[in-house]
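Now, the feature entries from Swiss-Prot:
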ACT_SITE  His187  active site, proton acceptor
BINDING   Gly11, Ala12, Ala13, Gly14, Gln15, Ile16, Gly17, Asn105, Gln112, Val129, Gly130, Asn131  NAD(+) binding site
BINDING   Arg92, Arg98, Asn131, Arg162  substrate binding site
Amino acid sequence: MAKHVKVAVTGAAGQIGYALLFRLASGQAFGLDTTVDLHLLEIEPALPALKGVVMELEDCAFPLLRNMVVTSDPRVAFNDVNWALLVGAAPRKAGMERKDLLEKNGSIFAGQGKAINENAASDVRIFVVGNPCNTNCLIAMNNAPDIPKDRFYAMTRLDQNRAIGQLALKAGVDVPSVKNMIIWGNHSSTQYPDFYHATIDGKPATEVIRDKNWLLNDFISVIQQRGAAVIKARGASSAASAANAALDSVWSLINTTPADDNYSVALCAQGQYGVDEGLIFSFPCRTENGVVSVIEEIEHNEFGQQKLKETLDELREERDAVEALGLI
(Lines of atoms letter the chains of each structure in order from A and count residues from 1; the text may use other names and numbers.)
(Lines give C-alpha, C1' and ligand atoms only; values in the text may rest on other atoms or scores of the structure.)
Protein backbone atom coordinates (compact mmCIF):
# COMPACT_ATOMS: atom_id res chain seq x y z
CA MET A 1 0.00 0.00 0.00
CA ALA A 2 2.28 2.75 -1.30
CA LYS A 3 -0.23 5.49 -2.13
CA HIS A 4 -0.96 8.35 0.26
CA VAL A 5 -3.00 11.53 -0.22
CA LYS A 6 -3.44 14.68 1.86
CA VAL A 7 -6.92 16.13 1.53
CA ALA A 8 -8.18 19.48 2.81
CA VAL A 9 -11.91 19.79 3.49
CA THR A 10 -13.36 23.22 4.22
CA GLY A 11 -16.59 23.64 6.14
CA ALA A 12 -15.71 20.33 7.71
CA ALA A 13 -18.19 20.58 10.61
CA GLY A 14 -21.11 21.39 8.32
CA GLN A 15 -23.78 18.98 7.16
CA ILE A 16 -22.09 18.13 3.86
CA GLY A 17 -18.75 17.80 5.65
CA TYR A 18 -20.29 15.43 8.18
CA ALA A 19 -21.77 13.30 5.39
CA LEU A 20 -18.47 13.37 3.47
CA LEU A 21 -15.65 12.80 5.94
CA PHE A 22 -16.46 9.27 7.09
CA ARG A 23 -16.80 7.99 3.54
CA LEU A 24 -13.62 9.83 2.53
CA ALA A 25 -11.74 8.23 5.43
CA SER A 26 -13.03 4.77 4.50
CA GLY A 27 -11.53 4.92 0.99
CA GLN A 28 -14.60 5.69 -1.08
CA ALA A 29 -12.99 8.50 -3.09
CA PHE A 30 -9.34 7.51 -3.47
CA GLY A 31 -9.65 3.74 -3.24
CA LEU A 32 -8.80 1.04 -0.73
CA ASP A 33 -5.10 1.15 -1.64
CA THR A 34 -4.61 4.80 -0.60
CA THR A 35 -4.07 6.12 2.92
CA VAL A 36 -5.45 9.55 3.76
CA ASP A 37 -4.54 12.58 5.87
CA LEU A 38 -7.46 14.94 6.51
CA HIS A 39 -6.84 18.68 6.94
CA LEU A 40 -10.10 20.05 8.34
CA LEU A 41 -10.84 23.77 8.07
CA GLU A 42 -13.62 25.57 9.91
CA ILE A 43 -14.44 29.05 11.15
CA GLU A 44 -13.46 29.66 14.77
CA PRO A 45 -17.00 29.30 16.27
CA ALA A 46 -17.39 25.86 14.66
CA LEU A 47 -14.10 24.39 15.93
CA PRO A 48 -15.65 22.77 19.05
CA ALA A 49 -18.20 20.97 16.85
CA LEU A 50 -15.41 19.95 14.47
CA LYS A 51 -13.48 18.45 17.38
CA GLY A 52 -16.53 16.28 18.04
CA VAL A 53 -16.46 15.08 14.43
CA VAL A 54 -12.75 14.29 14.83
CA MET A 55 -13.57 12.20 17.92
CA GLU A 56 -16.08 10.22 15.86
CA LEU A 57 -13.56 9.73 13.06
CA GLU A 58 -11.06 8.43 15.63
CA ASP A 59 -13.76 6.15 17.04
CA CYS A 60 -14.31 4.57 13.62
CA ALA A 61 -10.69 3.31 13.60
CA PHE A 62 -10.51 3.58 9.81
CA PRO A 63 -7.45 1.61 8.60
CA LEU A 64 -6.79 4.15 5.82
CA LEU A 65 -6.99 7.31 7.95
CA ARG A 66 -3.52 8.34 9.07
CA ASN A 67 -3.53 11.90 10.44
CA MET A 68 -5.96 14.75 11.03
CA VAL A 69 -5.31 18.47 11.28
CA VAL A 70 -8.00 20.76 12.76
CA THR A 71 -7.63 24.48 12.11
CA SER A 72 -9.31 27.79 11.34
CA ASP A 73 -6.23 28.99 9.41
CA PRO A 74 -6.42 28.31 5.64
CA ARG A 75 -2.62 28.36 5.37
CA VAL A 76 -2.40 25.45 7.81
CA ALA A 77 -5.34 23.61 6.24
CA PHE A 78 -3.91 23.75 2.71
CA ASN A 79 -0.30 23.08 3.67
CA ASP A 80 1.11 20.43 1.32
CA VAL A 81 -2.33 19.04 0.36
CA ASN A 82 -2.86 17.09 -2.88
CA TRP A 83 -6.60 17.76 -2.98
CA ALA A 84 -8.61 20.71 -1.65
CA LEU A 85 -12.34 20.02 -1.34
CA LEU A 86 -13.93 23.44 -0.90
CA VAL A 87 -17.23 22.53 0.73
CA GLY A 88 -17.75 25.43 3.13
CA ALA A 89 -19.77 28.40 1.89
CA ALA A 90 -22.40 30.79 3.18
CA PRO A 91 -25.62 28.75 3.06
CA ARG A 92 -28.37 29.23 0.52
CA LYS A 93 -31.68 29.87 2.28
CA ALA A 94 -35.21 29.39 0.94
CA GLY A 95 -36.08 31.97 -1.72
CA MET A 96 -32.43 32.87 -2.27
CA GLU A 97 -30.91 32.70 -5.74
CA ARG A 98 -27.25 31.87 -6.18
CA LYS A 99 -26.45 35.37 -7.41
CA ASP A 100 -27.30 36.65 -3.92
CA LEU A 101 -24.50 34.50 -2.60
CA LEU A 102 -21.82 35.80 -4.97
CA GLU A 103 -20.69 38.72 -2.88
CA LYS A 104 -21.07 36.83 0.39
CA ASN A 105 -18.86 33.98 -0.73
CA GLY A 106 -16.50 35.86 -3.01
CA SER A 107 -14.09 37.01 -0.33
CA ILE A 108 -13.98 33.50 1.19
CA PHE A 109 -12.96 31.84 -2.08
CA ALA A 110 -10.52 34.59 -3.03
CA GLY A 111 -8.74 34.07 0.29
CA GLN A 112 -8.76 30.30 -0.06
CA GLY A 113 -7.41 30.52 -3.62
CA LYS A 114 -4.49 32.60 -2.37
CA ALA A 115 -3.82 30.22 0.53
CA ILE A 116 -3.88 27.18 -1.78
CA ASN A 117 -1.57 28.95 -4.22
CA GLU A 118 0.97 29.66 -1.49
CA ASN A 119 0.78 26.48 0.60
CA ALA A 120 -0.53 23.42 -1.28
CA ALA A 121 1.51 20.63 -2.86
CA SER A 122 2.72 21.18 -6.42
CA ASP A 123 0.22 18.61 -7.77
CA VAL A 124 -2.82 20.01 -5.91
CA ARG A 125 -6.28 19.68 -7.44
CA ILE A 126 -9.18 21.83 -6.28
CA PHE A 127 -12.81 20.69 -6.24
CA VAL A 128 -15.49 23.22 -5.32
CA VAL A 129 -18.79 22.13 -3.78
CA GLY A 130 -19.84 25.34 -1.98
CA ASN A 131 -22.37 27.35 -3.96
CA PRO A 132 -22.51 29.17 -6.29
CA CYS A 133 -19.84 26.61 -7.10
CA ASN A 134 -18.98 27.51 -10.72
CA THR A 135 -18.23 31.11 -9.87
CA ASN A 136 -16.70 30.33 -6.46
CA CYS A 137 -14.33 28.06 -8.41
CA LEU A 138 -13.66 30.87 -10.91
CA ILE A 139 -12.75 33.19 -8.02
CA ALA A 140 -10.44 30.65 -6.36
CA MET A 141 -8.77 29.86 -9.71
CA ASN A 142 -8.10 33.51 -10.48
CA ASN A 143 -6.56 34.00 -7.04
CA ALA A 144 -4.17 31.05 -7.51
CA PRO A 145 -2.09 32.15 -10.52
CA ASP A 146 0.68 29.58 -9.99
CA ILE A 147 -1.67 26.58 -10.23
CA PRO A 148 -2.60 25.35 -13.74
CA LYS A 149 -6.21 26.21 -14.56
CA ASP A 150 -6.99 22.61 -15.52
CA ARG A 151 -6.65 21.59 -11.84
CA PHE A 152 -9.83 23.44 -10.82
CA TYR A 153 -13.26 21.78 -10.87
CA ALA A 154 -16.77 22.56 -9.64
CA MET A 155 -19.47 20.01 -8.89
CA THR A 156 -22.35 19.28 -11.25
CA ARG A 157 -22.35 15.56 -10.46
CA LEU A 158 -25.24 16.04 -8.03
CA ASP A 159 -27.33 17.30 -10.95
CA GLN A 160 -26.16 14.37 -13.07
CA ASN A 161 -27.05 11.89 -10.34
CA ARG A 162 -30.44 13.53 -9.82
CA ALA A 163 -31.13 13.31 -13.56
CA ILE A 164 -30.06 9.66 -13.75
CA GLY A 165 -32.36 8.87 -10.82
CA GLN A 166 -35.36 10.56 -12.45
CA LEU A 167 -34.80 8.90 -15.84
CA ALA A 168 -34.46 5.49 -14.17
CA LEU A 169 -37.70 6.02 -12.22
CA LYS A 170 -39.62 7.14 -15.30
CA ALA A 171 -38.31 4.29 -17.48
CA GLY A 172 -38.78 1.67 -14.74
CA VAL A 173 -35.16 0.54 -14.94
CA ASP A 174 -32.29 0.25 -12.48
CA VAL A 175 -29.92 3.21 -12.14
CA PRO A 176 -26.93 1.49 -13.88
CA SER A 177 -29.05 1.22 -17.05
CA VAL A 178 -28.84 5.01 -17.51
CA LYS A 179 -25.61 6.35 -19.00
CA ASN A 180 -24.23 9.45 -20.74
CA MET A 181 -26.50 11.81 -18.81
CA ILE A 182 -24.83 15.18 -19.34
CA ILE A 183 -25.25 18.38 -17.34
CA TRP A 184 -24.19 21.49 -19.25
CA GLY A 185 -23.29 24.88 -17.82
CA ASN A 186 -23.97 26.29 -14.39
CA HIS A 187 -24.92 24.43 -11.22
CA SER A 188 -28.05 26.54 -10.95
CA SER A 189 -31.61 26.72 -12.22
CA THR A 190 -30.28 27.47 -15.75
CA GLN A 191 -28.35 24.21 -16.06
CA TYR A 192 -29.19 22.05 -19.07
CA PRO A 193 -29.85 18.39 -18.16
CA ASP A 194 -29.32 16.92 -21.63
CA PHE A 195 -31.63 13.93 -21.99
CA TYR A 196 -31.15 13.93 -25.78
CA HIS A 197 -27.72 12.32 -25.45
CA ALA A 198 -28.53 10.04 -22.50
CA THR A 199 -28.91 6.31 -23.06
CA ILE A 200 -31.07 3.74 -21.28
CA ASP A 201 -29.92 0.13 -21.72
CA GLY A 202 -27.87 1.31 -24.69
CA LYS A 203 -30.78 3.00 -26.51
CA PRO A 204 -31.41 6.75 -26.75
CA ALA A 205 -33.44 7.89 -23.73
CA THR A 206 -35.95 9.52 -26.10
CA GLU A 207 -36.72 6.10 -27.63
CA VAL A 208 -37.27 4.47 -24.24
CA ILE A 209 -39.22 7.35 -22.67
CA ARG A 210 -41.78 8.33 -25.32
CA ASP A 211 -43.39 11.05 -23.20
CA LYS A 212 -41.77 14.06 -24.89
CA ASN A 213 -43.76 16.54 -22.83
CA TRP A 214 -42.42 15.01 -19.60
CA LEU A 215 -38.83 15.15 -20.88
CA LEU A 216 -39.03 18.73 -22.15
CA ASN A 217 -40.92 20.17 -19.21
CA ASP A 218 -41.29 18.07 -16.05
CA PHE A 219 -37.88 16.37 -16.18
CA ILE A 220 -35.84 19.49 -16.89
CA SER A 221 -37.65 21.64 -14.33
CA VAL A 222 -37.44 18.93 -11.64
CA ILE A 223 -33.65 18.72 -12.05
CA GLN A 224 -33.19 22.49 -12.30
CA GLN A 225 -35.28 23.09 -9.16
CA ARG A 226 -34.38 19.98 -7.16
CA GLY A 227 -32.09 21.83 -4.75
CA ALA A 228 -34.83 24.33 -3.91
CA ALA A 229 -37.35 21.48 -3.52
CA VAL A 230 -35.07 19.70 -1.03
CA ILE A 231 -34.67 22.92 0.98
CA LYS A 232 -38.44 23.39 1.06
CA ALA A 233 -39.07 19.79 2.16
CA ARG A 234 -36.15 19.34 4.55
CA GLY A 235 -35.64 22.87 5.83
CA ALA A 236 -31.97 22.58 4.86
CA SER A 237 -30.02 22.14 1.65
CA SER A 238 -28.96 18.79 0.18
CA ALA A 239 -26.19 17.34 2.31
CA ALA A 240 -25.85 13.55 2.01
CA SER A 241 -26.57 13.60 -1.74
CA ALA A 242 -24.08 16.46 -2.24
CA ALA A 243 -21.39 14.59 -0.29
CA ASN A 244 -22.10 11.46 -2.33
CA ALA A 245 -21.76 13.42 -5.58
CA ALA A 246 -18.45 14.93 -4.42
CA LEU A 247 -17.07 11.45 -3.76
CA ASP A 248 -18.33 10.25 -7.15
CA SER A 249 -16.65 13.25 -8.80
CA VAL A 250 -13.25 12.72 -7.23
CA TRP A 251 -13.40 9.03 -8.14
CA SER A 252 -14.26 9.88 -11.76
CA LEU A 253 -11.52 12.51 -12.02
CA ILE A 254 -8.91 9.98 -10.87
CA ASN A 255 -10.04 6.73 -12.49
CA THR A 256 -10.41 5.79 -16.16
CA THR A 257 -13.99 6.27 -17.38
CA PRO A 258 -15.84 3.19 -18.71
CA ALA A 259 -15.88 3.16 -22.52
CA ASP A 260 -19.67 3.45 -22.79
CA ASP A 261 -20.16 6.38 -20.41
CA ASN A 262 -19.07 9.88 -19.40
CA TYR A 263 -19.45 12.12 -16.37
CA SER A 264 -20.24 15.79 -15.87
CA VAL A 265 -17.94 18.24 -14.11
CA ALA A 266 -17.50 21.99 -14.40
CA LEU A 267 -13.99 23.00 -15.41
CA CYS A 268 -12.08 25.83 -17.05
CA ALA A 269 -13.38 26.20 -20.61
CA GLN A 270 -10.92 26.49 -23.48
CA GLY A 271 -13.45 27.57 -26.08
CA GLN A 272 -15.31 24.25 -26.43
CA TYR A 273 -18.93 24.58 -27.62
CA GLY A 274 -18.50 28.36 -27.94
CA VAL A 275 -18.00 28.85 -24.20
CA ASP A 276 -15.76 31.78 -23.26
CA GLU A 277 -12.24 30.71 -22.41
CA GLY A 278 -11.70 30.82 -18.66
CA LEU A 279 -15.32 30.33 -17.59
CA ILE A 280 -16.06 27.39 -15.29
CA PHE A 281 -18.65 25.46 -17.31
CA SER A 282 -19.99 21.94 -16.92
CA PHE A 283 -19.15 19.62 -19.80
CA PRO A 284 -19.29 15.87 -20.48
CA CYS A 285 -15.85 14.53 -19.58
CA ARG A 286 -13.80 11.38 -19.60
CA THR A 287 -10.68 10.38 -17.69
CA GLU A 288 -8.02 8.27 -19.40
CA ASN A 289 -4.88 7.32 -17.46
CA GLY A 290 -5.40 10.23 -15.07
CA VAL A 291 -5.94 12.83 -17.81
CA VAL A 292 -9.33 14.58 -17.84
CA SER A 293 -10.67 15.70 -21.22
CA VAL A 294 -13.89 17.26 -22.50
CA ILE A 295 -15.87 15.23 -25.06
CA GLU A 296 -16.05 17.65 -27.98
CA GLU A 297 -17.96 15.96 -30.80
CA ILE A 298 -21.50 16.28 -29.39
CA GLU A 299 -24.01 18.09 -31.60
CA HIS A 300 -27.02 19.99 -30.26
CA ASN A 301 -30.44 20.58 -31.79
CA GLU A 302 -32.05 24.01 -31.63
CA PHE A 303 -33.55 23.31 -28.20
CA GLY A 304 -30.16 22.28 -26.81
CA GLN A 305 -28.42 25.30 -28.32
CA GLN A 306 -30.93 27.62 -26.66
CA LYS A 307 -30.46 25.91 -23.29
CA LEU A 308 -26.67 26.21 -23.60
CA LYS A 309 -27.04 29.91 -24.39
CA GLU A 310 -29.21 30.49 -21.29
CA THR A 311 -26.75 28.90 -18.88
CA LEU A 312 -23.74 30.49 -20.61
CA ASP A 313 -25.36 33.93 -20.35
CA GLU A 314 -25.88 33.42 -16.62
CA LEU A 315 -22.26 32.40 -16.08
CA ARG A 316 -21.11 35.46 -18.02
CA GLU A 317 -23.28 37.63 -15.77
CA GLU A 318 -21.82 36.02 -12.65
CA ARG A 319 -18.28 36.51 -13.96
CA ASP A 320 -18.98 40.16 -14.75
CA ALA A 321 -20.46 40.66 -11.27
CA VAL A 322 -17.41 39.29 -9.45
CA GLU A 323 -15.11 41.22 -11.77
CA ALA A 324 -16.97 44.40 -10.79
CA LEU A 325 -16.49 43.46 -7.13
CA GLY A 326 -12.74 43.14 -7.72
CA LEU A 327 -12.70 39.44 -6.80
CA ILE A 328 -11.03 38.27 -10.03
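Glycine residues also receive a Cβ, built from the backbone N, Cα and C atoms like all the rest.
Of Gly11, Ala13, Gly17, Gln112, His187, all annotated as recorded positions, the residue with the shortest Cα distance to Asn131 (substrate binding site) is His187. Here Gly130 (NAD(+) binding site) comes close to Thr10, Gly11, Leu86, Val87, Gly88, Ala89, Asn105, Ile108, Phe109, Asn136: these same-chain residues lie at least six apart in sequence, with C-beta atoms under 8 angstroms from its C-beta. Separating the Cα atoms of Arg162 (substrate binding site) and His187 (active site, proton acceptor) is a whole-number distance of 12 Å. Between the candidate recorded positions, Arg162, His187, the densest Cβ environment within 10 Å is the one around His187. The separation of Gln112 (NAD(+) binding site) from His187 (active site, proton acceptor), Cα to Cα, is 20 Å.
The NAD(+) site in the record is lined by Gly11, Ala12, Ala13, Gly14, Gln15, Ile16, Gly17, Asn105, Gln112, Val129, Gly130, Asn131, and its two most distant CA atoms lie 20 Å apart. Within 10 Å of the C-beta of Gly17 (NAD(+) binding site) we count 26 further C-beta atoms, all protein chains included.
In this view, Gln112 (NAD(+) binding site) is surrounded by 27 other Cβ atoms within 10 Å of its Cβ, with every protein chain counted.
Cβ contacts within 10 Å of Ala13 (NAD(+) binding site), excluding its own Cβ and spanning all protein chains shown: 24.
Counted over every protein chain shown, other Cβ atoms within 10 Å are most numerous around Asn131 among the binding-site residues Gln15, Asn131.
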